[in-house]
Structure formats: C-alpha cells, structure tokens
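Features as listed in Swiss-Prot:
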- G11, I12, D13, G14, S15, G16, K17, S18: ATP binding site (BINDING)
Amino acid sequence: MKKGVLIAFEGIDGSGKSSQATLLKDWIELKRDVYLTEWNSSDWIHDIIKEAKKKDLLTPLTFSLIHATDFSDRYERYILPMLKSGFIVISDRYIYTAYARDSVRGVDIDWVKKLYSFAIKPDITFYIRVSPDIALERIKKSKRKIKPQEAGADIFPGLSPEEGFLKYQGLITEVYDKLVKDENFIVIDGTKTPKEIQIQIRKFVGELIDNSF
C-alpha cells in the first residue's frame, strides 16, 4: 500500500495559502488519492463556533478549546483514516494556526502544544509568508469586507477593521516566524505570482510523493 502523506499550509489571512492548497489538490488528484481539509470545518461544530463568535461568547480559553474540538473531530474521522488508507491529505491550516491564534490571545503556547499533542506532525508544512500590509491590500482589491475574526475584533474591539487586521495579523506573523525553525516550515515568498508559488510547492511535493511508495 502507498504511504499516506500529510501536507499542511499555514499563513496569515490574505496570504493566498488556501488558493495554493486547492491548486495542489487539483494537481495531485491526477495521480494519487487526495483529501483536502480546512480549519474550522467539522460537520457538527462549525455552526456552533460561528454562532459563538457572532455573539461574542468565546473567552480566550473557550476559543482555544472549541477549535481544538473541531480539529480533533476532523482528525479522528477524516485525517487519520485517510492517511492510513494511503491518501495524500492536504490541510489548509493545521495545529500551528492554533499555536498562533491562541497564544496571541494570552493562552500559554506550551499548554496549547500539549492540547494538540495527539496530532501527528505533517510530512511537510508550507508557510506562505506575506506582510500584513500586502495581505490587507489583497483583501481590499478583492472588494470584500474584513471579517471580524481576521481583525482580532475580540481582542482589539476599539480598532477599526483595517487597524485591527494589521495589528492582529502582525502578531500572528511573529508567532509563525518563531515556529519556522522548530517546526521545519518551508517558507514560501507569498509575494510571488500564484503560478511561481505553485511551481515551487510542486517541486517539494513531487519528491515527497515519489518517496512515499
């Protein structure tokens, strides 16, 4: 049986990581079974989280725990079984998103790491790195509104959406940058064109898949 491979994508909102994850999935499925999972997408917990955020019910600790519940559900029902069946699993955000988002809310990062210690580490993690300024410009050009969670509205309620976005995503970036060495992130320059980024990613993944037989 082919060996399952876990590929994770991380990056701030507006970095383009989701688009890259989808492009990679489309390429891989031409040759292998592939499954794409996204952060906060559990069948039964997603709507609960959405409603709790809308009503501003989440403290930093409950924010951490409820997202861990979402992840553990997807991990046990989809990610792990797919890997055991030989699938290539692409995760649009993985446990490192929790490390960053929870810790900037004041939750001890070592506690968060223990909370997610049941999860296996990815075979490769791509960190699509762009500055918050560039990410903000991309969102503005797309003509969509900044989501409250993208601006850290729960921890920076007094700031405008744009100010909150820059401050919050800046803090997230600082955590990601600290994780690069310890978690063996492959740092990708997110300012390159989507095509250039995808070519670079496929080179890494192609070698990984070839070695998974």
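The backbone N, Cα and C atoms fix where each Cβ goes, and this holds for glycine too.
Overlay of Swiss-Prot annotations on the structure.
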residue: G11; record: ATP binding site; Cβ neighbours (10 Å): 28
residue: I12; record: ATP binding site; Cβ neighbours (10 Å): 27
residue: D13; record: ATP binding site; Cβ neighbours (10 Å): 20
residue: G14; record: ATP binding site; Cβ neighbours (10 Å): 24
residue: S15; record: ATP binding site; Cβ neighbours (10 Å): 26
residue: G16; record: ATP binding site; Cβ neighbours (10 Å): 22
residue: K17; record: ATP binding site; Cβ neighbours (10 Å): 24
residue: S18; record: ATP binding site; Cβ neighbours (10 Å): 18
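Summary of the ATP site environment: with the site residues G11, I12, D13, G14, S15, G16, K17, S18 set aside, the chain residues having Cβ atoms within 8 Å of the Cβ mean position are I128, V130, A135, G190. S18 (ATP binding site) falls within a helix when secondary structure is assigned with DSSP.
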